[in-house]
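Trainee: Sequence annotations record features per position, and here TrEMBL assigns domain 'UvrD-like helicase ATP-binding' to A:33-344. Taken from TrEMBL, the feature ATP binding site covers A:ALA54, A:GLY55, A:ALA56, A:GLY57, A:SER58, A:GLY59, A:LYS60, A:THR61. The domain 'UvrD-like helicase C-terminal' annotation in TrEMBL covers A:345-626. Annotation comment: TrEMBL describes A:711-742 as region 'Disordered'. Per TrEMBL, the feature compositional bias 'Gly residues' maps to A:730-740.
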Amino acid sequence: MTDPAPTARDAASVPVIVVGDAGPRDEGDDLLRGLNEPQRRAVTYRGPALLIVAGAGSGKTRVLTHRIALLLRNREAWPSQILAITFTNKAAGEMRERVGQLVGESARGMWISTFHSACVRILRREAEQFGFKNSFTIYDSGDSRALIKRLVKEHEADAFGLTPASVQSRISKLKNELADAESYARQANMNDPAERIFVELFGAYERALRKSNAFDFDDLIAQTVYLFRAFPHVADVYRRRFRHILVDEYQDTNHAQYSLIRELTRPVSGASSAEPYSSGGMMIFEPEPAAATDALEGASLTVVGDSDQSIYAFRGADIRNISEFERDFPGAEVVLLEQNYRSTQNILSAANAVIGNNFDRKDKKLWTDVGAGEQIVGFTGYSQHDEAQFVADEIDRLRRSGVGYSDIAVFYRTNSQSRALEEIFIRSAVPYKIMGGTKFYERAEIKDALAYLTAVANPADEMAVRRILNRPRRGIGDVTETAIARYADEQQITFRDALANASALAVGPKIQTAIAQLDAVLAEASELMLPASGEVAPASSVPEGLTLLLNKSGYLESLRRSKDPQDEARVENLDEFVAVAREFARNNPDGTILDFLTDVALVSDADDLDDGTGSVSLMTLHTAKGLEFDTVFITGVEEDLIPHRISAGEPGGPQEERRLFYVGITRARQRLYLSLAMTRAQFGEVSAAMPSRFLQEIPAELVNWRQSPGDVNGRGGTQSRALNARRPGGASGGFGGGNRYGDDLVPLGRSQRVTDPSRFPNRVTAKMRDNGDLQLAAGDRIRHDDFGEGRVDTVTGEGAKRIAHVRFDTAGAKKLLIKVAPITKL
DNA sequence: CCCTGACTCTTTTTT
DNA sequence: AGAGTCAGGG
C-alpha cells in the first residue's frame, strides 16, 4: 500500500511549484484547452466538495481525468493522495490510462478502482484488526446463495415462506443499510415467527461467513465502514492518506457506500493541537507518516452523477445521495454539464422527450451542435426471432456500408432475451460477444476450479472444501460429508483439517483413501502456492498450482473420460481458465493466489468488453451504462419487458424503467434502432406482446418505422425471416407471402409516414392484429399470409394464449398464437 | 452412492 | 425452453 516516493523522473516532468501557492497553475493550460466553460470550472474548482451533474455524454470522464491530471501536474497532490472510485474495473482501467497519457509516470500510485476493489485492499491490510485473517476470500452472490440455501434447509425456514432467494435479497438490502443481525433483531417484530427465523438465519449466515474467513459482496463495503467506525485510528490512516476523493456514478451509490465516503472525508482530529496540516489549497508534499498526530481537515470530495441515470435502486442505490449532496456537504459547489458530445440531436431529442415524463426531477435538457443526424429506426417483428433477424440483417447491411462490428451494440432488458438473438446471429454469421449473462466464472467447472484454489488459499472456507469434496466423484456423499463435519466439530478443528484424519472417521476404507488423496493434493498445492516460511511464491505458482490441482485431483481425467458431450466443452473452459491464470501471472509478477481469486471475484459484466476482436456487443441495458457505441439496437421495447412487469408494483419502479430506457437511448452516437416483437415466448409459451408505452413518448417525426406495430397486421410478420436466415434473393421458402422484406428494407416514403396517423408511434399501441376469439379446432383448414394453407392438428392453451398447431401444405408444422397470427379460417 | 426421469419453477436488472 | 430438485430403483 505504501506507494513509492515520486521518482526523480516525476520531478523532472513537472514544474516545481512553490509550497503555499494556491489554485491551479498556468501549466495546466493544455488540460483546459478544448473544454467548455462548465467543464473547465469542474476541472479547476478547488474546495471541500464539488458536485458535477453530468448529463449523458457530456464528457464527464474527460472532466474527471483532467481534474486529476491537473491536481498532479500542479503538485497539489501526490498520486498516492488520490482515490478515484469508478463503477467498473474497466472504467477504472480506462481512467488510469487516460490520466497516464496526460501526466505520464506520476499517475502511478493512485487508487483508481471500484468501491469493492478499494475496500478489499483496505480489508486485506486491516482484517486482523477485527478477527479476520488477511487470507479471507470473497463470496460472490452464487456462493452466498449456496450458503443461505444450506442454512434455510437446516433451519427448515421454508416452512415459514422463506426462500433462499428472498432471504438473500433481504440480507443484502439490510447490509447495504449497514444493519447487522444484531441491530436488526433489536427492532424486529419477534412475535412474528417468520421474522424470528429470519433473524436466526441472518445471524447464522454472519457466523458462517466469519467462521469461513469470508466476506460477501455487501460485507466488503459494510465491514470497511464498520472497521472505520470501530477503530478511528485505522480510519485516520486512510483519511490522512487520501486527500482527494472522486466518485463517479454517484447516483448509484447505496447507503453503505455513502457512509464509506463520509467516513473517509471526515477531518482528522489530531492528538496534538498543532497547526492544521493543510489549508487553503496548500500543497502537501509530506508523505503520510509524517505529522501523523496532527489534525487535518477533511479530504476534498468530488462526485459526478446524473440522477436521470439512476438505475440501481433495486440494489439499494439511493438517489438522495446525489439530490441531497448540497445539504450533506454544505458549501458544495455544483457544476452542470448539459452539452452532449456523443449523440446526434435526433437521439437526444428522443431521450429528452422520454425522460421528461418523469416527474420529480430537475429539468435538464441535453443538447448538441452536431446536427440532427439520421432518424431513429423502428421495427416490429412478428416474433422475437423475426426481430432478431431484422437486427442481424441490419447489422449485415451496416457492415457492408463500412461500419465495424465492434461499433455496434444490441441491448435488451433481461438476459434471457439474448438467446433468440444468439441463435439468429450464429445462423447469420454475425460475430458477437455477450457481456455478462451466464458468465464464464459462473460455470460449474470454473466454480469447481475456483473452489480448489480457495480451499488452498483459505482453508477455513468450508463452503469451498465442501464443494470439491465429491468433485470429481469420489464416492463421498451426504453421509460422509456429515461425518466429517461432525468430527471437525468434536475435535474443534476446521472442516479442511478434518480431511487429514480420514482414518479417524467411521467410514469405509475406500472412502478413507479417497479423502486422504484429496487431502494430499490440497497439501501439495499449498506447498507450491503458499510456501511456509516467509518466502513468497512467484506468481507463476498460480497457474502451476491450478494445473496441479486439476490433474492430480482427477478432475480433468474424469471429464475427459466422460461420455457426456458437454464435458468436452468443460475441459476447454478449464484450459481457458488456466490461460487466464497464466495471463494474471504475467501481468502481476508479485501476484499471489489471493490476488488472483480477488480479481476473479470482482470482475464485472462490463469488464470483459474487448476492443480488438471486432464483434457486436450484446448486453442488458444495465450493463450498457457508461458505455457508448456508434450504432445501438434496443430490442424488446414492449410492455412487461421495458417497463418490466415486476417493476409496476414497486414504488418508483416505472420511473426507474424509464431511466433505464433513457440510458439505453443515450448510449448511441450515430444510429439508434428500436425494435420489438408482436409475440414473445416466455416460460416456454408464446404470448402476445404490446408496444412499450415509452415508444409513445418519442415524438413521431423522430422515428422512421420500417415496420410499425400497426403494419404487422396480416401481412408483415413472417417466421420465414427467422427460419431462413441466409436467404439470398429470397429464393428459399416457397411460402405464399415470399420475401416481403429481405435484406433491402425500403423505408416508407417520408410524407406517407408522417401523414398517415396509423404510423404514428403514439397511435400504434392499440392497433395490433386481433383475431378476437377466433375458434379453431382440429381438422379446420386455415390460410396463413405467409405459410399458405394448412390444417389444424390441435389447439392448446386458453384464452388469449390459445395456440394452434398447424401442418401447412408446403411450409411444414408451425405453432401459431391464434389471437394475433395472420390467419383466416377457411 | 449414483443414475434416471418426472416434476417444478423460473426471468428483472448486478458489484 | 432449460435448469434445478426430488423420489425411486439399481
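Cβ coordinates are placed from backbone N, Cα and C, and glycine is handled just like the others.
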Trainee: Which residue, of the binding-site residues A:ALA54, A:ALA56, has its CB surrounded by the fewest other CB atoms within 10 A?
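Mentor: With the binding-site residues A:ALA54, A:ALA56, fewest surrounding Cβ atoms within 10 Å: A:ALA56.
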Trainee: Whose Cβ lies within 8 Å of the mean position of the Cβ atoms of A:ALA54, A:GLY55, A:ALA56, A:GLY57, A:SER58, A:GLY59, A:LYS60, A:THR61, the ATP site, other than those residues?
Mentor: A:VAL63, A:ASP306, A:LEU337, A:ASN340, A:TYR341, A:ARG342
Trainee: On a simple 10 Å Cβ count over all chains shown, which one of the binding-site residues A:GLY55, A:GLY59 is most densely packed?
Mentor: A:GLY55
Trainee: Within 10 Å of the Cβ of A:SER58 (ATP binding site), how many other Cβ atoms are there?
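Mentor: The Cβ of A:SER58 (ATP binding site) has 26 Cβ neighbours within 10 Å.
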Trainee: Grab the pLDDT values for the domain 'UvrD-like helicase ATP-binding' (A:33-344) and give me their mean, rounded.
Mentor: 86
Trainee: Between A:GLY57, A:LYS60, A:THR61, which of the binding-site residues has the fewest other CB atoms within 10 angstroms in the structure shown?
Mentor: A:THR61
Trainee: DSSP secondary structure for A:ALA56 (ATP binding site), reduced to helix/strand/coil, please.
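Mentor: The three-state answer is coil.
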